[in-house]
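Below is one structure. I have some questions about it.
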Amino acid sequence: MLDPKFLRNELAVTAERLATRGFILDVAHLTQLEEKRKSLQVATEELQASRNAISKSIGQAKARGEDVDAIMAQVGDLGAQLDAKKVELAAVLEEVNAIAMSMPNLPDESAPIGADETENVEIRRWGTPRSFDFPVKDHIDLGEGLNGLDFKSAVKITGSRFIVMKGQIARLNRALGQFMLDLHTTEHGYTEAYVPLLVNEASLLGTGQLPKFGEDLFHTKPATEEGQGLSLIPTAEVPLTNLVRDSIVDEDELPIKLTAHTACFRSEAGSYGKDTRGLIRQHQFDKVELVQLVKPEDSMAALEALTGHAETVLQRLGLPYRTVILCTGDMGFGSSKTYDIEVWLPGQNTYREISSCSNMKDFQARRMQARYRVKADNKPALLHTLNGSGLAVGRTLVAILENYQNADGSVTIPEALRPYMGGLTQIG
């Protein structure tokens with residue numbers, strides 16, 4: 001959520017910056033609502049003051065032995081008017097809040113202006129794509145040939161966009177998650193967390209999935225002791241970031257760096273017909289998530305560091321990649337600045353996203369009321385939140401199968417993963 005004061009005082013600037021994201025803010029309507037809010041606020045305060053003043057005169061009139069029926073009637077009339085104005089004011093505030101909750105974050109000035117992914121800007125590459133002297137297979141053919149990827153059984157059990165993994169490929173998938181967690185906790189300073197895969201509405205509102213992106217989620221029917229429905233997490237960003245919702249942490253505790261390896265669930269409502277084969281776009285997938293909670297002045301440096309942590313995974317695995325900065329029209333709803341890391345996939349002969357690292361600044365923190373106590377004045381201030389994939393496990397598995405394939409259909413295991421595979425050097 002944007003700063004309400006900035007929104008009121010810099011409405012034209014806000015509209016201009018949001019327009020670079022493709023979000024058209026109805027300035028005239030919002031201005032009208034703000035004027036109505038001010039008018040109702042003044043009217044409410046005046047009615048309240050009048051009623052209070054007249055109410056005090058009742059006791060004085062009684063002490064003088066005067067009839068107070070007329071005064072009582074006047075107080076009752078003012079009370080009815082006050083209640084009516086409060087209802088009007090609440091309706092206006094609710095509409096203003098709904099508009100505010102629908103607004104995406106303001107893009108950072110360093111984010112390139114553009115309409116879509118074609119205007120993202122590549123900032124660096126690492127590694128050289130391998131040259132093959134045999135016909136390249138994609139991960140589907142490789143995985144099925146090794147009896148490790150079973151799409152048919154997944155369709156029978158559940159439906160499309162799910163997978164059953166078996167044997168050494170299932171083991172390799174597990175090894176990847178463990179390797180990523182170990183790297184981030186032992187070398188990058190993150191604390192591992194085990195979090196729920198089901199979250200409540202308040203959590204999804206806090207990180208910005210609701211109210212706008214409800215159709216992208218899987219929802220349960222009310223089934224808890226509290227009688228509320230829950231939603232499967234689309235990313236561990238949701239539970240990890242919400243750990244500080246409605247909290248004030250000490251400045252000395254910052255930065256807070258958290259990581260979790262979880263299953264993630266997405267309906268892919270807007271992706272009909274895209275990546276219908278294989279592991280690239282699944283309803284259920286594993287991901288190691290990185291979250292940082294920092295002071296505002298540290299968040300841009302933290303974004304660079306977090307992106308580097310995700311890149312290190314690919315470097316240790318020897319997987320070529322490129323990093324791009326997203327233009328304003330391609331950024332996620334809550335992001336102020338985002339780097340996408342794209343890994344090289346020989347089976348598709350292109351780079352594909354494997355991590356998205358974002359600085360949300362105070363956008364999520366304001367929705368969650370996640371704050372820290374500033375030592376200098378002992379007052380609470382909003383945190384800045386950051387998140388990124390470190391990495392998407394399934395897509396990393398795809399990259400390993402395709403980049404490390406051999407002519408006979410076997411797959412060489414990257415050296416960094418061999419300790420997690422019992423010393424195994426090859427699958428198949």
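A Cβ is built for glycine as well, from the same backbone N, Cα and C atoms used for every other residue.
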If I go by Swiss-Prot, which of Glu187, Glu289, Glu297, Glu304 binds L-serine at the same site as Thr235, Ala236, Glu237, Ser389?
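Record check against Swiss-Prot: L-serine site with Thr235, Ala236, Glu237, Ser389, extra candidate from Glu187, Glu289, Glu297, Glu304 is Glu289.
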Just to verify a number: CA distance, Ile354 (ATP binding site) to Glu289 (L-serine binding site), in angstrom, no decimals.
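Rounded to the nearest whole number, the Cα-Cα distance is 12 Å.
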Can you check which residues sit near Arg266 (ATP binding site), meaning Cβ under 8 Å from its Cβ, same chain, 6 or more apart in sequence, and list them in order?
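Expected: Asp216, Leu217, Phe218, Pro234, His283.
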Nearest to Glu289 (L-serine binding site) by Cα, among Ser267, Glu268, Ser356 (binding-site residues)?
Ser356
State the three-class DSSP label for Glu237 (L-serine binding site), counting H, G and I as helix, E and B as strand, and everything else as coil.
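Assignment for Glu237 (L-serine binding site) reads helix.
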